[in-house]
């Protein structure tokens, strides 16, 4: 990469998590279990949506892409964290660090856009049920997914190229468990004002606006539900919306707090814990919150298991 001609260091050292040596094995087992849960949960959703024709709908198109994004998002950081905890080798080459940052931004941004698309899909389904199929046409759904991929690719590449132009002189210790963009900027010995402005401006477009759109969609959904005189339906809707919004708030809240509204006296431990929330916890919770609890997914799982009795049906 072009940044290697402008830097005097060839690798970085990831300090990882502030864990006591006697707690190392326990934490390793915990994060491994969480990572495997994320992988299996999201893979199950992708496979079920692929195999069951009843799930070939706009909502599940977005869900399958979200599951793929969550799977990749966790895989960008957690395997390296587990490797460092096991081998006690915190080094990561310069090029690998920028590559990790690129894919971290790519799949993190992709999740942000997909969450907006899913909120819009639910808004149309609940507020305009008679026009749902006309509004959420296959062409619109595919266009939303394709646009999400294009925008996130551009955004991730922009930040990576801006990072590659910076000089890193002496300090190569990253007090984090992955190559976090803000942590790298603190190590740079050249002017980072352009990077910081791009983070602030693009962050508003990629994070804040989608978050507000999601909140607006759910507000309209709740308003529409309250007009229906059904206490059972209202309780179920509030339960669903509440669980969705809790995960969405966890994802966006930690990102906004870390990158757009950083505290001057924020500790490394606090930043690491916040990062764990949206890199490890959210991707693990999404399959259970959005998919595995609902009737359609349970029905699809039963149908797929039944088909296994006759492999020619698959």
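Here the Cβ of each residue, glycine as well, is placed from N, Cα and C on the backbone.
What Swiss-Prot says about this protein:
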type	residues	note
TOPO_DOM	1-25	topological domain 'Extracellular'
CARBOHYD	5	N-linked glycosylation site
TRANSMEM	26-49	transmembrane segment
TOPO_DOM	50-57	topological domain 'Cytoplasmic'
TRANSMEM	58-79	transmembrane segment
TOPO_DOM	80-100	topological domain 'Extracellular'
DISULFID	97-189	disulfide bond
TRANSMEM	101-120	transmembrane segment
TOPO_DOM	121-139	topological domain 'Cytoplasmic'
TRANSMEM	140-158	transmembrane segment
TOPO_DOM	159-196	topological domain 'Extracellular'
TRANSMEM	197-219	transmembrane segment
TOPO_DOM	220-236	topological domain 'Cytoplasmic'
TRANSMEM	237-260	transmembrane segment
TOPO_DOM	261-272	topological domain 'Extracellular'
CARBOHYD	265	N-linked glycosylation site
TRANSMEM	273-292	transmembrane segment
TOPO_DOM	293-314	topological domain 'Cytoplasmic'
Contact call for the transmembrane segment (273-292) and the transmembrane segment (140-158): at least 3 Cβ pairs under 8 Å, seq gap 6+: no
Paired segments the transmembrane segment (237-260) and the transmembrane segment (101-120) in contact, 3+ CB pairs under 8 A: yes
DSSP three-state assignment (helix, strand or coil) for residue 97 (disulfide bond): helix
Lowest local Cβ density among 97, 189, which the record lists as disulfide-bonded residues, within 10 Å: 189
Whole-number mean of pLDDT values that fall within the topological domain 'Extracellular' (159-196): 90
Structural state census, the topological domain 'Cytoplasmic' (50-57) (DSSP three-state): 5 helix, 0 strand, 3 coil
Tertiary contacts of the topological domain 'Extracellular' (159-196) (same chain, 6+ residues out, Cβ under 8 Å): 1-3, 6-9, 11-17, 76-77, 80-81, 84, 92, 94, 97-98, 100-102, 104-105, 202, 258-259, 262, 268, 271-272, 275, 279
Sequence-remote partners of the transmembrane segment (197-219) [C-beta within less than 8 Å, at least six residues beyond its ends]: 109, 112-113, 115-116, 119-120, 122-123, 151, 155, 158-159, 162, 181-182, 241, 244-245, 248, 252, 255-256, 259-260
Residue 189 (disulfide bond): secondary structure state under DSSP, collapsed to three categories: coil
Long-range neighbours of the topological domain 'Cytoplasmic' (50-57), counting only residues six or more past its ends (CB under 8 A): 64, 296-297, 299-300, 303-304, 307, 314
Remote residues contacting the topological domain 'Extracellular' (80-100) - C-beta distance under 8 A, at least 6 residues beyond either end: 1, 3-4, 7, 9-17, 19, 24, 27-28, 31-32, 35, 160, 163-164, 168, 174, 177-179, 184
